[in-house]
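**Q** Take this structure, written in structure tokens, and hold onto it; I'll ask about it next.
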Amino acid sequence: MIRGSISIEDKTRIFNVAFKAGILVGIVALTMAVRLLPTKWGIYLDEYDPYLHLKNARFIVENGFAAWYNWYDKGQWHPWGIYMPKYDYPGVGFLEALTYVFLSWLGLHVTLLEVAVYMPVVTSVVAALAMYLIGREVYNDVAGFLAATFFALSPTIITRTAAGFTDTESLGLPFFLLSLYFFIRSVNRRTATSAILSGIFLGLMSASWGAYVFPYNIYGAVMLVAILTNRYDRKVARNFILTIGIALVISSQVPLLGARIVASSRIALALLAVLAIVLYEIISAFVKEERVRLYTSIALAIAVALGIYAYWASGGLGGRLLAVVNPFAAAKLPVFPTVGEHHPSSWGALYRETRYLLVFAVAGIILLVRKLRLADLTLIVLGAVSVYVGSVMIRLTVFADIAVALLASITLAYLLSKASKQIREGVIKVKRKVITTRWQGLAVILLTIVVVTPIAYNGVMVANHPAAIASSAGGYNKVVDDWMVTLAWIRDNLPEDAVVGAWWDYGYWLNVMANRSTIADNGTTNSTQIKLIATALLSDEETAIKIFKQLGVTHFVVFEPWRTVAGVHIPTRMLGEVGKSTAMMHIAGFEVSDYLALIHGIWWPIGPKARNTTLYRLLYYPFRQEYLSNFNIDIPPPEHFKLIYASPQKWVLVYEVLY
């Protein structure tokens, strides 16, 4: 060989590295391109919660990080106000502010809004790369590439990570996946460094997203199964305690969680696993090895019984966690079931989101069971638990999609490996056999394309829509500026000390974009006040103004994205407040039939109490003559409310309250 020349092995190695790097670059580009689609309608935050995080970021930029920990905001939930560190997770707002300050220091002229809008696109790239690392660690590179691709294209995940949707998931998901990767690496390779990194990322997830309880309990479940199935390993146990310990140290510094998380029932399985490890080590010092598992199980059973008793004595779980553990009990809560993202999902919905991946995910579990290393066990537990939690709450279906993507990727990687082998080996066999094996291999490749294509199509369709504020929450795939111009009008025309009442759905928009005090918002933390507002809106005007005076309301905003049919304004089924008034009735304890009748998919205000209902008087006021002449529905004009602004299509109406 000539000196300085590159060997065939080195060329092959360089080619493989370049090829893999090229695939990853393609996945990164795909992840970003799909998530940037909403920006073609403009630079807007999507949905509602991202506006609270933007508000946090603005406060930090103007007052400093330390000031946030002492921030009592009187503009939300008037007249009481809120203590922000106990109201919201700091992660997203802190990262937005930090990124803005850093980019400004570099001399880049960007706005805080632009940073907030594009942040989920960047964090999604990190999450997609973490999916690749997990797939590679558990199985091989091909599984990693497929897992990252499925993450990039998953419709459910895209809805929570597209440009503008800068909510807790946008930061929580990459932290979760990085923690999961290092946890799997720590049980695979017994390395303490990986365990420490897993704990750090789990702690950061705890500072960003309330779903931190999911990985805590997944890791705990893995350790408990390992102990009970005689797979106990001291190095793995040490790494687990390192992960949980470091995560708890970080989590306890989050004001919303505090030191109480160390003994919280929310992470019961993780704490139980730590206890099991301690018991195992103590018992193993006094008992023969073959009896250690038995005695540990007995001790754990006693501990669980005591834990259940303590759980009931402490009053049980909160609303969101209760909905996951016991969805039937959560349905009885007043406000919780009226929030769209808290609704249960279904197997049909999960199949529509994942398509054929769900079938391949089941096959992936079977493949992992064959070896059943602790890394394999982690993915199996992840799959079982995530599909369950995804089925009981729509917002948590992202976990189900992640698990299905990882498990299905393993199956497809296995099939592609077999197909590749058949195609290669077909060259040295007889002609008929060559055709058979090659066709089998090509069939598997074609099958992979068939699986990916509908997911890719659905993912693009989901991303290809404007932000809610840009379409005025009307469900249109175009810009409708009713909400934007209304918020600007409120900001520019109402007194700075005005208190603007509205149903809680629009609280963040009114508080952050219009910069006015509000009486309820999307945090839905004060269910008593929400019930009071629902009662006011569904009662007569005399009752309504008594309640509004108690809350200090000076103006009230109502919303309905009317559809025009044959010149008549018809309310939507659930997008506006005619449909949402059914949720108000659930909260206030009223009967729907007293107010509305559903005829041909349209809610009609023809119940015995509809005529005197404050909400309907406000909503139907611009169209009362239209309804009277066309349908003989007589909704009188409001007496204690004065219409002072109507948006271009009369979707949003602003009233002054006349006391």
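Cβ atoms are placed via backbone N, Cα and C, with glycine included.
All annotation found in TrEMBL is predicted automatically rather than curated by experts.
Marked as transmembrane segment by TrEMBL: 21-38, 115-135, 141-159, 200-228, 240-261, 267-287, 294-312, 354-370, 377-396, 402-419, 439-457. Here TrEMBL flags 39-400 as domain 'Oligosaccharyl transferase STT3 N-terminal'. What TrEMBL lists as domain 'STT3/PglB/AglB core' is 498-548.
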**Q** Find the member of 21-38, 200-228, 240-261, 267-287 that has more C-beta pairs under 8 Å to the transmembrane segment (377-396) than any other listed stretch.
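**A** By the under-8 Å Cβ criterion, the transmembrane segment (377-396) pairs most with 200-228.
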**Q** If we skip the immediate neighbours and take only residues 6+ beyond the ends of the transmembrane segment (200-228), which ones have a Cβ under 8 Å from one of its Cβ atoms?
**A** 89-92, 94, 168-169, 171-173, 175-176, 178-180, 182-183, 187, 236-237, 240, 243-244, 246-251, 253-254, 257, 261, 266-274, 276-277, 280, 293, 296-297, 300, 320-321, 374, 377-378, 381-382, 385-386, 389, 396, 399
**Q** Do the transmembrane segment (267-287) and the transmembrane segment (402-419) share at least 3 Cβ pairs under 8 Å, sequence separation 6 or more?
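**A** Answer no: the transmembrane segment (267-287) and the transmembrane segment (402-419) share fewer than 3 Cβ pairs below 8 Å.
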**Q** If you average per-residue pLDDT over the domain 'STT3/PglB/AglB core' (498-548), what number do you get?
**A** 97
**Q** Using DSSP, what's the helix, strand and coil tally for the domain 'STT3/PglB/AglB core' (498-548)?
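**A** DSSP classes over the domain 'STT3/PglB/AglB core' (498-548) add up to 30 helix, 5 strand, 16 coil.
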